[in-house]
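Structure record follows, encoded as structure tokens.
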There are 2 protein chains.
Amino acid sequence: MSAYHPLTEQEAIELAQSLSNFFPEGAKLQSREIGDGNLNLVFHISDPATGKSLIMKQALPYAKVVGESWPLTLDRARIESEALIIEGKLAPGLVPQVYHYDADLALTIMEDLSDHVIMRRGLIECGRYPKFANDISEFLANTLFFTSDLGMNQQQKKLQVQNFINPELCKITEDLIFDDPYTVSENNNFEDAIADEAEALRADTALHLEVALLRQKFLTNAQALLHGDLHTGSIFITPESTKVIDPEFAYYGPMGFDIGAVLANLLLNYAGQEYWSTEDRAREEYRAYLLDTIQAIWTQFDQKFRALWDEHGVDRMANETEDFQNFYMQSLLQDSIGYAGCKMVRRIVGLAHVADIDKIPDPEKREKAQRLALAIGKALLKWNRKAASIDEVLEIAKKGV
Amino acid sequence: MSAYHPLTEQEAIELAQSLSNFFPEGAKLQSREIGDGNLNLVFHISDPATGKSLIMKQALPYAKVVGESWPLTLDRARIESEALIIEGKLAPGLVPQVYHYDADLALTIMEDLSDHVIMRRGLIECGRYPKFANDISEFLANTLFFTSDLGMNQQQKKLQVQNFINPELCKITEDLIFDDPYTVSENNNFEDAIADEAEALRADTALHLEVALLRQKFLTNAQALLHGDLHTGSIFITPESTKVIDPEFAYYGPMGFDIGAVLANLLLNYAGQEYWSTEDRAREEYRAYLLDTIQAIWTQFDQKFRALWDEHGVDRMANETEDFQNFYMQSLLQDSIGYAGCKMVRRIVGLAHVADIDKIPDPEKREKAQRLALAIGKALLKWNRKAASIDEVLEIAKKGV
């Protein structure tokens, strides 16, 4: 019989207290449940006397999204915990530290990052994060390179693939990102004002071919251990620090899916900024900052990934074959652009939206932001297999509707 | 403690006798060990009184190839047995029936196919197999389609990937096919007469790019459950029957690797026939028969795979997206041609050769056959990403050196 049950706050405190060498013995701990209750319980446990605190995240055996509830494997807690530990080794300081994992309770105890903000909120408030491009490009280059056949023992990598088979969470992505937005589905969710856009998506056969190709890659291409859900709601940030959280969708997939997620969420904010900011000049400056950030992320990722390859590449054919690295990096850019497009489209017409756009109060401005995001997303999708430079993404974004 | 130990003939007989409902009780069984002792023990066990017989194949914990010996996992017996059972369900009658699998002994008891001949020998003797193109195209279409994301539940497929992680046997392929022939390696094995060809392979950077790309796909692309070693030595044949054996290299990889293996081994025989046959007209006729067979295999595979897709496709995006099927089939053809090229090259300069060419007694003729096989293999490699029709393979083969 499994010992699993959702913890009460009192049980959470007792478990935290039993963690050796974290809180002083006899500390009077406080607990706040800060999760949204849709997927996980999240306890913030602190000792007011010393100011020490930690986060306890427990998976719930179901998912609730927009009112729907369906059963969901607790194995995702193991995957999240193991992925965090791997990412922490490969990209030190860029993920929360894991203190403890309890398999029976599907529970991870980790570093408290309450001094950070969720990046999505930070971007909506026009925050600037001068370290972000450097940090996220390092996170992407290190985690993707060193879990791939380029950077780790290729037989060990196969065992990693085996360990990160993640059918239930992959299925969510396969449905919500690579299928529903392009057909009539109960999972779709869009405002009446853009019903014409949703209909156009269903009829656009050239677009469907690109999505179908990217879907096949997502299903079959075990290139590297992905975070699997790397949007700006999975990033905690300050001007000095970046922490990637919540890798419960981790699995072996195409690298461009993670890179594209970051680009897409910056572009979604870009599309929303058009209508958020009240002052024209500030708005234009912030939008330029977002595009500069996108360019810096790809450019630095490309440099760092190539440098890792040159220094640590394990595959003789990949290392010594002229032009192979250039070919590989261009494929990564193309995939990243394609996946960015998929992710923008689904955030406008699919089940789960983003606050960057949905919280724009004025309905007309919101509609325009939605149309802009869709225009950029579709253009990225139609361009992806032809892409040769990140500059082309910036041009597409600047061109607008 | 494991019960594993290599069986004696007497133990093999006792095990066969204990198999319920196969041999009559008290039957006086005879055993012959017919394996080559390099990888497996193979016992042929028969009851002269009834004429009934079976094959007992036991994995040895090492591999011996050309004098070298290295340890090799016994798990390959499980993989072989499970792959045979899956293939038997998906392509009935085209693999030996599995009667029993013993995990502790790494042993599979299966149908005796002694009335068939190994296809490589059959081809060397200019045998004609009018059912072969039909049978092998059916084997390929059924096993590849129904184990892929196109034809089976996509979450179940991920568990199949997990079950068929096969690091040690994949490593053999990765080294011997996708690395050694293109560098200086102790694993290479070629005659002095073609040392210039081996040197040219090492210097041909355009060729290396193609091989590196195909190697990456082999490492990462979990498209379908492959046989993994589908050369003509893994096929038992008669004019009326085709049986695919020995899937111990089975794993989830790119479909073109299996298809290409069949094409390559027919082309290796084609290259050898140039110099085997004594009578010109018979030789030309047989070579034409081999090319007709290649064309028929691809054409029928293409038809059957598309028909399965149209009737049983499970992926809405793949099914309903205009042009996606054409795109997919063309990619399969291109991969098949690329992998066929890799397999031809490695059989001439790599560790393991083929009798179709190596047993040509006249050294000058043998050398010419080797050069012809290399010329065809290299041409296929350089053409693979541009290919649009199987006819192009025939043209390359006819063109010769």
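Every residue gets a Cβ built from N, Cα and C, even glycine.
Caution: TrEMBL annotation is automatic and unverified by curators.
Worth saying up front: this structure is predicted, and the values here are computed from it rather than measured.
Look at TrEMBL and you will find A:32-280 tagged as domain 'Aminoglycoside phosphotransferase'. The ATP binding site feature in TrEMBL is assigned to A:Asn40, A:Lys57, A:Glu111, A:Asp112, A:Leu113, A:Asp246, A:Pro247, A:Glu248. Residues or ranges marked as substrate binding site by TrEMBL: A:Asp229, A:Arg346.
Annotated features, which come from TrEMBL, shown on the structure.
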{"residue": "A:Asn40", "record": "ATP binding site", "CB count, 10 Å": "21"}
{"residue": "A:Lys57", "record": "ATP binding site", "CB count, 10 Å": "23"}
{"residue": "A:Glu111", "record": "ATP binding site", "CB count, 10 Å": "18"}
{"residue": "A:Asp112", "record": "ATP binding site", "CB count, 10 Å": "16"}
{"residue": "A:Leu113", "record": "ATP binding site", "CB count, 10 Å": "19"}
{"residue": "A:Asp229", "record": "substrate binding site", "CB count, 10 Å": "19"}
{"residue": "A:Asp246", "record": "ATP binding site", "CB count, 10 Å": "23"}
{"residue": "A:Pro247", "record": "ATP binding site", "CB count, 10 Å": "27"}
{"residue": "A:Glu248", "record": "ATP binding site", "CB count, 10 Å": "27"}
{"residue": "A:Arg346", "record": "substrate binding site", "CB count, 10 Å": "25"}
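Taken residue by residue with DSSP, A:Arg346 (substrate binding site) is part of a helix.
Mean pLDDT of the predicted structure over the domain 'Aminoglycoside phosphotransferase' (A:32-280): 95.
Across the fold, the C-alpha of A:Asn40 (ATP binding site) and the C-alpha of A:Asp229 (substrate binding site) stand 16 Å from each other. Cα of A:Pro247 (ATP binding site) to Cα of A:Asp229 (substrate binding site): a span of 7 Å. Across the structure, A:Lys57 (ATP binding site) and A:Arg346 (substrate binding site) are spaced 27 Å apart at their Cα atoms. A:Glu248 (ATP binding site) sits 8 Å from A:Asp229 (substrate binding site), taking the Cα positions as reference.
Cα-Cα distance from A:Asp229 (substrate binding site) to A:Leu113 (ATP binding site): 19 Å (rounded to the nearest whole number). Between the C-alpha atoms of A:Asp112 (ATP binding site) and A:Arg346 (substrate binding site), the distance comes to 31 Å. In this structure the C-alpha atoms belonging to A:Leu113 (ATP binding site) and A:Arg346 (substrate binding site) are separated by 29 Å.
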